[in-house]
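Here's the structure, in structure tokens; my notes come after.
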């Protein structure tokens, strides 16, 4: 009763103040217009949020119907998914196809070559189809995580097709499409990247049967060594005769298994590519934020885009499927988890884009017109329905203009309504809205980080891995609660019973404070050239439109209609914001299963929810000021959060991993290498050891590793005994990412079974003293057997010695650091086997006066590592038993390695 009386008195006071200031609405309306809503109406905001989230989730995964062979008569020039599916089925049935394996070098390569010849045989008489089978060897410098690597490839394969254009007589300009048919070990690679190659084969069929040539040539590159990494692409751009014609490229990749192909990076610069995408593509899926996230290095992947950009100096577009990243690089990346509509959508888009680019004038001008190469773009699709793009310079103007208008227009409109009497109150309530948003943001970030820390501390990290809906309860509910509490507290602390503003006007002033918050964020982001500020700009634009329409319709003095209009504009806002939530959750949740254990993945997910939760609720939470009470809303949100905690921490729902029994496998990844370590000195073996090396791929992996190792002990890699006696601990190095960034564990064990005649050899054949301070060493490398094996050279010069020249390439990159030692790291991949020896030379410079042993001094240590990836039939019984101990929900990538360390 007391609270009701006070509310009535306050309304009358406000009504009198507004009347005195010349307002048109009557005092009786202010008293009886239900400014305050019943508490249960607060739940409607949550329902609206969930509804919009469901709609945006559907739109994010919607795919068009697929065309089959029966549709060919009605659509003779269309992409037919069923034909591509037939190609994919064959590639899938080869199983894993790592570079060097018989399945890749002989099986998949021969099949694709036959399909190319079929397309050539059935081409229209007007078309000229040229083919080339490229076998290449080469080397190039590249860096991962700031660590330099020399990437060497021997006899890798490329299958190349050129569909000649009409402009053959003038300057030759070509568009290139690229896919890779090799896979990682233990994965059939139906999505990564067999599906893309199947799509390209179908596009080749469609275009080669057209009665008229395209304006420009089209090069189709089917490369056989991408996972190695990125080597066959370098062989093409550096050595193939058609590479010089390429003016732009489309790279087809996958980091998931199905869904939409996302355009996740383009250029660099060359805005005409984005404009062509906007004109051509029927089903857009492209976001600038994806480009900036990928190029930040936070995602543990890379693509051939990098090679074409850095070594070919060619602009292009990078596409990838990102849904269901759980199956990426696992045994579950099979055709069983793909659908025809996935191929149809990708084929429709890439075929349309290929036609647009190959028949546009830009491709012929880009080599001579520097204006085409200048400028970055801001681009995005709106719920997959249509595509928007504009220049980054225009984006800066738009962002600043929207930021200013989002403050000026509502302030002017509200101040005009209350005139001089209430202007000061409008400004003060605007600051209250700003403070509530800032405090809510800070509190929500703090709370979710605390929750993330505690979940990890009690051993429940990644409970949402297989059940992402738990994220809404674990982190989403606390975010909303903190924003509600912050706005309620700020309203209580800064309430003014003498304010001339009525309740609706107070809430509208606080919504202007939300605009001020976004303005204070969008302007610095814009000045920092962060193009992803467009996400905020769209939300501010919708708020501005709501304000303008309120003024045009005259809803300022009609609280119910104003509220209905405000909520109506929240529907597109929520659809927009939840789209990014789904996009990034579907991307990052599976990635946490392969980002190592060094960082708590709960922090990543918590911050993601805090950021996009703010986007979703920033214009809803101030409306709690209209509620008579928030206890019911907060109580229900608390209950939802508690249910999520109980499910995540106390039930099987919160167990992170799933096997294939439910049709949706989400496995834990494990790399296990059965290793033989041998140290040589002056031709004799001085020490030898063996065991198993485990890679810790996610936050929970170490518990499984230690359980599998029992009763033996899994020792952290940097605590191995060999770290004191062998170069780089005697670890079988093959990846900077896995060996340097991830934690690894070692368990002593028996020696692996090795057929020594299949090992690539590295033998010293000659030492030549070039001068008094330079000594050259010549080695022969031989790889005679067709088997999937990668070699690594770790060359560590002694103190005072420097590697100054070698025959691998013109430059000698810097060293990497591991276990306190520095060495040059060379990764060697073999495609087709070759009996001919390959001679490599290394020249070392030193000061002879400082060598302890004079002319006979050892100048460097070298570790020669060979890792077999497809070696299952040669695993020892002990290795098989170890692998069998892993649970069904684990995906194990076994390998066998031999490490030979010698001083020269």
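Using N, Cα and C of the backbone, Cβ positions are placed for all residues, glycine too.
Keep in mind that TrEMBL annotations are predicted by a computer and have not been checked by a curator.
A quick note: this is a predicted structure, and the numbers were derived from the prediction, not measured.
TrEMBL lists transmembrane segment at one of the ranges 338-360, 430-452, 660-682, namely 430-452. Checked against TrEMBL, the range among 276-296, 297-317, 507-527 recorded as transmembrane segment is 507-527. Taken together, the residues in the domain 'Endoplasmic reticulum metallopeptidase 1/1-A TM' (432-649) have a mean pLDDT of 93 on the 0 to 100 scale.
In this chain, the transmembrane segment (430-452) lies close to the transmembrane segment (603-627): three or more C-beta pairs between them fall below 8 angstroms, excluding pairs fewer than 6 positions apart.
Where the transmembrane segment (507-527) meets the stretches 382-409, 464-486, 533-555, 562-583, 603-627, the count of C-beta pairs under 8 angstroms peaks at 382-409. Among the recorded stretches 382-409, 464-486, 533-555, 562-583, the one sharing the largest number of Cβ pairs closer than 8 Å with the transmembrane segment (639-657) is 464-486. For the transmembrane segment (603-627), the most Cβ-contacting stretch among 382-409, 464-486, 562-583 is 464-486 (pairs under 8 Å).
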